[in-house]
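What follows is one structure encoded as structure tokens, with my remarks underneath.
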Amino acid sequence: MQPRRIAILGSTGSIGTQAIDVVDGAPHLFEVVALSAGGGNLALLARQAVHTGAAAVGIAAGDPRELAVLIDEAAAAAGRSGYRPEIIAGPDASTRIAGLDADVVLNGITGSIGLAPTLAALKSGATLALANKESLIVGGSLVKAAARDGQIVPVDSEHSAIAQCLRSGSAAEVDKLVLTASGGPFRGRSGEELHGVTPQEALAHPTWDMGLMVTTNSATLVNKGLEVIEAHLLFDIPLDRIDVVVHPQSVVHSMVQFVDGSTIAQASPPDMRLPIALGLGWPGRVPNAAAPCDWTKAATWTFEPLDATAFPAVDLAKDAAKQGSTFPAVFNAANEEAVTAFHGGRIRFTDIVDTVDAVLSEHTGSSRLTVESVLDAESWARARAHERLAVSSL
């Protein structure tokens, strides 16, 4: 059997670097044919290109000539002089990489800029291993209409868990989905206690090692709100049948409750290499992708209700999803602006979700969901959030 040809979008980020680890551990199953990155770490991208032997490398920003020099230097150091991949540069580089000939496209880009690459990957016919939840959330019906059955395989640990659990019954037998949340670094704090939280504290996630935006979204639970919308779209389960529970140990990644009263859960130590491996190899499993639970050692798992008063983001996300249209895009864009302002020291931690709520309340939606209407709504949301943040700055 020939190895699956993999294109990795966002290769220098957390998902991308771990995906290369997965490929390294299973060279008989996978080979990397293309990489893309934003361009903020050209040296790492050059080393990745030489290491994987990718035929094409894309950068959204940065000097392609500098990248070519770095690749030559890395190739010489690795004893691979003469390796020269095609370099694709420009804002649409990831979209062009996504449209190349590959069996699987892993979209590990952060943010709604991943929408165009997601659509390009689906159009190409490749399986889409989706870590870029924002593209599905803001694209909604556009993304679903572009995908054939089974073409999108989730890489988020929660949705990967649900996909595995759903194999235990038919769609008609599913009662509800239960997404677990670690609770973030501020679990147990009241809304008042969250006012003085610093950016440094917000980035101290108790379980996962992620980028700035995703880590902050996990602290506000905006990320869990986005995951609820993603689960609703991926699995066609109504929002009122998707629950969120706090599970601080982050070993049970999500659960499916069936109509007979049984619950199937997926458990494993927190390690993103497992859902990444499943995304690349679905429906098969990759041996030794990650360490398993040690069932011979004593352990305690706890589950707690979500404090929706201190952390209103999940309910707010559900409301945006119920309204549909461009509301999820506005939710996401306003949040990204607010998170940037928070890390710039301009607003308080609790102002992030308050800003999202305020911008959503002013949005009227679009009569028809198109790529253009999504982009217009995002642009409006960012501008409106920016205006509100300028007024409410510390």
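Quick reminder: no glycine exception, Cβ is built from N, Cα and C everywhere.
Summarising the annotation, Swiss-Prot assigns NADPH binding site to Thr12, Gly13, Ser14, Ile15, Gly38, Asn41, Asn132, Glu134, Gly211. The 1-deoxy-D-xylulose 5-phosphate binding site annotation in Swiss-Prot covers Lys133, Ser157, Glu158, Ser182, His205, Ser218, Asn223, Lys224, Glu227, and the record cites sequence analysis as its basis. Positions annotated as Mn(2+) binding site by Swiss-Prot: Asp156, Glu158, Glu227.
Here the features listed in Swiss-Prot are placed on the structure.
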residue	record	contacts (Cβ under 8 Å, 6+ apart)
Gly38	NADPH binding site	Gly10, Thr12, Ile59, Ala60, Ala61
Asn132	NADPH binding site	Leu9, Gly10, Asn107, Gly108, Ile109, Thr110, Gly111, Gly114, Pro117, Thr118
Lys133	1-deoxy-D-xylulose 5-phosphate binding site	Asp156, Leu226, Glu227, Glu230
Glu158	1-deoxy-D-xylulose 5-phosphate binding site	Leu179, Thr180, Glu227, Ala231, His253, Ser254
His205	1-deoxy-D-xylulose 5-phosphate binding site	Ser182, Gly184, Pro185, Thr215, Ser218, Ala219
Gly211	NADPH binding site	Gly13, Ser14, Thr110
Asn223	1-deoxy-D-xylulose 5-phosphate binding site	Val214, Asn217
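For the NADPH site, whose annotated binding residues are Thr12, Gly13, Ser14, Ile15, Gly38, Asn41, Asn132, Glu134, Gly211, the maximal Cα to Cα separation is 23 Å. Cβ-based crowding with a 10 Å cutoff singles out Thr12 as the top-ranked of the binding-site residues Thr12, Ser14. Take the mean position of the Cβ atoms of Asp156, Glu158, Glu227, the recorded Mn(2+) site; other residues of that chain with a Cβ within 8 Å of it are Lys133, Pro154, Ser157, His159, Ser160, Leu179, Asn223, Lys224, Glu230, Ala231, Ser254. Thr12 (NADPH binding site) carries neither a helix nor a strand DSSP state and counts as coil.
According to DSSP, Glu158 (1-deoxy-D-xylulose 5-phosphate binding site) sits within a helical segment. For the binding-site residues given as Asp156, Glu227, the lowest number of other CB atoms within 10 Å of the residue's CB is seen at Asp156.
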